[in-house]
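To start, the structure itself, in structure tokens.
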Amino acid sequence: MTDTYARLVNHGLGRDLARKLGLPQPAELRRYHPGQPLIDGPVLVGGSGPGADGIAAALLSWGLDVRRHAVPKEKLGGIVLVLDAVEAPVDLQQPVLAAAPSLRDLTPGGRVVTVSRVPGGTPSTAAARQGVDGLLRSLAKELRGGATGNGILLAEDISPTAPSALGALRFFLSGRSAFVDGQFVRVSSADGRMPDDADAPLAGKVAVVTGAARGIGAAIARTLHRDGATVVAVDVPAAGDHLAEVANGISGTALQLDITRDDAGQRIIEHAVQRHGRLDVVVHNAGITRDKLLANMDQARWGSVIDVNIGAQLRINEALLASEHFRSAPRIVAVASTSGIAGNRGQTNYAASKGGVMGMVRATAPLLAEYGGSINAVAPGFIETEMTARIPFATREIARRLNSLQQGGRPEDVAEAISFLAGDSGGGISGEVLRVCGQNLVGA
Amino acid sequence: MPVDGQPQSVRKAVVVGGNRIPFARTGGAYTKSSNQDMLTAALDGLIARFGLQEERIGEVAAGAVLKHSRDFNLTREAVLGSALSPETPAYDLQQACATGLETVLGLANKIRLGQLDSAIAGGVDSASDAPIAVSEGLREVLLDLSRAKTLPQRLQILARLRPKDLAPDAPNTGEPRTGLSMGEHQALTTAQWNISREAQDELALNSHRNLAAAYEAGFFDDLLTPYRGLTRDSNLRPDTSPEKLATLKPVFGRNLGSEATMTAGNSTPLTDGASTVLLASEDWADGHDLPKLATVLDGEAAAVDFVHGKDGLLMAPVFAVPRLLARNGLTLDDIDFFEIHEAFAGTVLSTLAAWEDEKFGRERLGLDGAFGKVDRSRLNVNGSSLAAGHPFAATGGRIVATLAKMLHEKGTSGGRPALGLVSVCAAGGQGVVALLEAYSAGTTPGDIHD
């Protein structure tokens, strides 16, 4: 699971050699650890108007060192470009070019975040807003040293300082978003609130994680626990020994359960409520692959992948939506996959199921809205797990490098995105798909 | 009215749940696992299921029948290796195959008396990792050697060694006072009660079918945690048939004159495994938001004089159960689930035959006639040792956790909480039996059956 190449080109002789030969030099990403500062160095807030002022004030209230104008040669932790008021494509030029020279001053692991509005309005406004999309995605590809660029898209009537806009801004600036690059998050409502303790955003919450015995699921369980949640770790009975290890490591409870059982949703609710008194978050992570070219696909391979990866999620959601125990700002986060967006040879069944997850999330969002709830999907790209470690060397090496960060992500990177969406500050984001892929070059 | 001898102040001891690792045939998946490894794994699974990390449990009691001398503090060492608070006290107990059930009864009684609020009972055995001792001759020489002070003394002692002293002393399950193995003892009893080969094979077949069906239904999903790649008991043969069982050659009782009937199919194999049961007072369970599946009502031990042939080696429960039920004002007809440990199919069938025998009832049990008939549809309904295997000290915990869940699922029977009877025979002519009841709030022990 270790990326030997990345280690080699980041130290001593290997580093010099890679530089001289022009080989890819994946940087060591800035990842979150409890207690660390939100970002290293001052943050430049570009753009003008009430939106930019509001964001600058929010950053100041977080104790950050804020600049409204670039100080030549000063190292910057991040740049926030507030473009919420652009009305025509020409409006982009001034704020963007004013901030541009500062890109050279970004520290390794620096952050660029755009704040703009969902395309709409007059043709001219829509063009300006959509222009931010192309701008940000290209800019993200220009950043080096593990720096990333991401954007926040505000719905028409949402303030740049709405809880989830600030929640997303915090997420993007922090080490929690290390492997999220070139992505937009859409804030569609003013729901949600900033956590009282930024290092324990899930304090007091009870979260269920399916497929928690190993890999990404185990990382999700550990991350939610680190962020303050009490975790119910769910996996098939046959994975019970690994599951017990995970649960015992995070003072959670293990629930051995086949999620394809008809009563799985009921069992999950009962366990959470009886043992922990409540249920706030459900993370649908359990998934399987049964790869085969479609021409060679059989019923068992197709059927089991669809049933585990999307059928079970739909049935469990039905039980959750019907339960009076899942009505207090509930959160559902489902794990999708970039395979479901860009497609992957040999994975028609898997991609169908993961595409299904994204469709399900979009259609379920309105159903949760009346309880102040949200549902979102996180789509991992190439993540270093036991599963991807079995991919043949050459294929794996290519898959790893095919993104702007030139490396695979870690299970923890996926878990961080899920924890963000599961928290109070994610409440204004619903029906969205957030990719954790290092800006994978395939599938947009 | 309270039952005789039970002070009205006693509390309820409830079974919260259990956890075991799948049982493995000796020489299989757990060949390299020690008793301590397996007991720790069973504990960790229980801790994960019930969220007991860093919890100070009142007391943990467990034991093993085949034990290395280094395992003198086996249970405490397993606790220290588990996710429980290291401030959890523990002790070892051993009563041959009744070890597991006796830990349940002893701890339940402490809970009932208010000495403990929570406890974990358990047991473990490995026939794969069995201790091998040095011969008596070598042992004496080694001990004398350690006390010798001079070189000539040491040489003199070493000169006593003979080649035969170097052969190790392998463990065996023979009875020290008769030299007969357990199987040979049971063969005598099986023949005495005229138990047919067909009846024994049928019981074995039911055990496998019932256990397989329980696995298929997901019954064990919250009773088991996989271990070392094993997710089900490796002895289980879901596809066994009367024909297959009939082909097996008898292995015990071949020198009795009568037809030998006991085969590897209707006798339990040597097995490795571990089990645990979480017990608690009602308040402790409620305070920890944990379920209360069943109440441990009562227990009884008995022993028989098998040395002089008065009774069969494994027939002690035949005497213990009538005493237990009489004390609680119950008959066999009141019991909803019978869990009679299947050391051998012949053991269970001999027990049932003795209870159905009028002469035995009058002369040996002091009753007016036969003790009664066990409704076979209530016997070992989710399988027992013939299918699951029998890691000696772990069997009691397996049965109690299984029965507690069955009682909980059944709830009431005829307007009262469902009742379950556990019967475990043990080496040395002993037997321990216990009475459990589906948990129901409000009633106190003693005023239930008046």
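Any Cβ shown, glycine's included, is placed from N, Cα and C.
Among the ranges B:165-184, B:365-384, the stretch that TrEMBL annotates as region 'Disordered' is B:165-184.
When pLDDT values are averaged over the domain 'Thiolase C-terminal' (B:310-437), the model yields 97. The distance from the Cα of B:His390 (active site, proton acceptor) to the Cα of B:Cys97 (active site, acyl-thioester intermediate) comes to 9 Å. Same-chain residues at least 6 positions away in sequence with a Cβ under 8 Å from that of B:Cys97 (active site, acyl-thioester intermediate) are, in sequence order, B:Val65, B:His341, B:Ala343, B:His390, B:Phe392, B:Ala393, B:Thr395, B:Gly396, B:Val424, B:Cys425, B:Ala426, B:Ala427. Each of the active-site residues B:His390, B:Cys425 was scored by the number of other CB atoms within 10 A of its CB, and the lowest score belongs to B:His390. Taking Cβ pairs closer than 8 Å, the region 'Disordered' (B:165-184) reaches residues 66, 130-138, 141, 251-253, 262, 267, 306-307, 313-314, 343-344, 427-428 in its own chain, all 6 or more past its ends. Helix first, then strand, then coil: DSSP counts for the region 'Disordered' (B:165-184) stand at 5 helix, 1 strand, 14 coil.
Sorting each residue of the domain 'Thiolase C-terminal' (B:310-437) by its DSSP state yields 59 helix, 27 strand, 42 coil.
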